[in-house]
Amino acid sequence: MWLLLTAASVISTLGTTHGLFGKLHPTNPEVTMNISQMITYWGYPAEEYEVVTEDGYILGIDRIPYGRKNSENIGRRPVAFLQHGLLASATNWISNLPNNSLAFILADAGYDVWLGNSRGNTWARRNLYYSPDSVEFWAFSFDEMAKYDLPATIDFILKKTGQDKLHYVGHSQGTTIGFIAFSTNPKLAKRIKTFYALAPVATVKYTETLLNKLMLVPSFLFKLIFGNKIFYPHHFFDQFLATEVCSRETVDLLCSNALFIICGFDTMNLNMSRLDVYLSHNPAGTSVQNVLHWSQAVKSGKFQAFDWGSPVQNMMHYHQSMPPYYNLTDMHVPIAVWNGGNDLLADPHDVDLLLSKLPNLIYHRKIPPYNHLDFIWAMDAPQAVYNEIVSMMGTDNK
């Protein structure tokens, strides 16, 4: 971030006076759009809804009821629900061109597509009882996303569509909350046709990303630095970086490398002309507590609930002195997995451990050059991943 700030200062000083660092391409209009605007911009229908969870969080969700290629057929369609990863939002699924974005591809393939948002991100930052300015609002991690957000959202979607089941597609933390929800909530698990897991994350024992250094900071020091509320929210300056800094010659490589350092390198597979769209909507924010939960996972190498810091606190939340482990062998939902050999967050060794514990693994493919973000943004994602998903969903619908 400081490197990008320095670049912004240099560009402001030199670029305006000497004509240096010219823009590589015009700013994409989706930079300033919300989710439904991004959808309709490409000629797709969009619907916005709000889901209220059992504990009062208000989640914005979006729907693409049909595609551009099949608008004449308005009958009931099979449902596909897409859930984003850490520090992200539903925009991840629609940030590329229509022929490169999974949400649009599924809509054109005849699916009723729904895009979820996890509590605390840009589109899910309200609660019936707590203000986002309060500490209480931010007292959550991916535990609560699995316990409250997923059940409420899936229940809403199925009631709205009149369907009994849906296809679930998760990326990164979107798979994490799926693993938890579908292994601890058998009733919910029965409502999932198939779980499509992209860059799945359960344990993070072997992850080698630079974020590990941040995760190793003691909790008290982490809170001293970042507070105890929101972590890395979307800010107007992100949009400035995306449109006025990262869209310029040479600096665009600096910006893309900032992503690669965290998620793994696959330099030839990122559409640089869409970089301003990616960066203007990400990061979308989460809670400090959620990041601390991931920090605990890095340190322990275990897949378990949030440790509240003392046996007494844990007893209050779990009726036991230690946070419970999540048992992946209890998840019997059919699951198809895609992971990347160059993924620094969902490390292949961690994925191998995960695969060995899944009792109903129906498909697995490892893509050697793929990093963590390739599954949502890679230029060849349709050929490498999405076409397989569409084909498998079609078979599952018969």
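The chain as shown is numbered from 1 upward.
Yeah, the Cβs are placed from backbone N, Cα and C, and that goes for glycine too.
Here Swiss-Prot flags 1-19 as signal peptide.
Secondary structure at N34 (N-linked glycosylation site), as computed by DSSP, is coil. According to Swiss-Prot, the feature N-linked glycosylation site maps to N34 (among others).
The annotation domain 'AB hydrolase-1' is assigned in Swiss-Prot to 82-377.
The N-linked glycosylation site feature in Swiss-Prot is assigned to N99 (among others); the stated evidence is sequence analysis. Other Cβ atoms within 10 Å of the Cβ of N99 (N-linked glycosylation site) number 10 in total over all chains. DSSP classifies N99 (N-linked glycosylation site) as helix under the three-state reduction.
Other Cβ atoms within 10 Å of the Cβ of S172 (active site, nucleophile), summed over all protein chains shown, number 26. Reduced to three states, the DSSP call for S172 (active site, nucleophile) is coil. Look at Swiss-Prot and you will find S172 tagged as active site, nucleophile, backed by experimental evidence.
The DSSP secondary structure for C246 (disulfide bond) is coil. According to Swiss-Prot, the feature disulfide bond maps to C246-C255, an assignment based on experimental evidence.
If you look up Swiss-Prot, you'll see N271 (among others) marked as N-linked glycosylation site, on the strength of sequence analysis. Secondary structure at N271 (N-linked glycosylation site), as computed by DSSP, is coil. All protein chains included, N271 (N-linked glycosylation site) registers 15 other Cβ atoms within 10 Å of its own Cβ.
Proximity of N327 (N-linked glycosylation site) to non-local residues of its own chain (separation of 6 or more, Cβ distance below 8 Å) is seen for S183, given in sequence order. What Swiss-Prot records for N327 (among others) is N-linked glycosylation site.
According to DSSP, D343 (active site, charge relay system) sits in a coil region rather than a helix or strand. Feature annotation from Swiss-Prot assigns active site, charge relay system to D343 (among others); the stated evidence is experimental evidence.
According to Swiss-Prot, the feature active site, charge relay system maps to H372 (among others), an assignment based on experimental evidence. Summarising the environment of H372 (active site, charge relay system), the number of other Cβ atoms within 10 Å of its Cβ, over all protein chains shown, is 29. According to DSSP, H372 (active site, charge relay system) sits in a coil region rather than a helix or strand.
Here the disulfide-bonded residues are C246, C255, and the one whose Cβ sees the fewest other Cβ atoms within 10 Å is C255.
Around N34 (N-linked glycosylation site), the same-chain residues at least 6 positions away in sequence with a Cβ under 8 Å from its Cβ are W123.
Taking only the Cα positions, the spacing between D343 (active site, charge relay system) and C255 (disulfide bond) is 18 angstrom.
Here the CA atom of S172 (active site, nucleophile) lies 22 Å from the CA atom of N99 (N-linked glycosylation site).
Using H372 (active site, charge relay system) as the reference Cα, a 10 A cut-off selects S172 from the recorded positions S172, C246, C255, N271. Distance between Cα atoms for S172 (active site, nucleophile) and N271 (N-linked glycosylation site): 20 Å, as a whole number.
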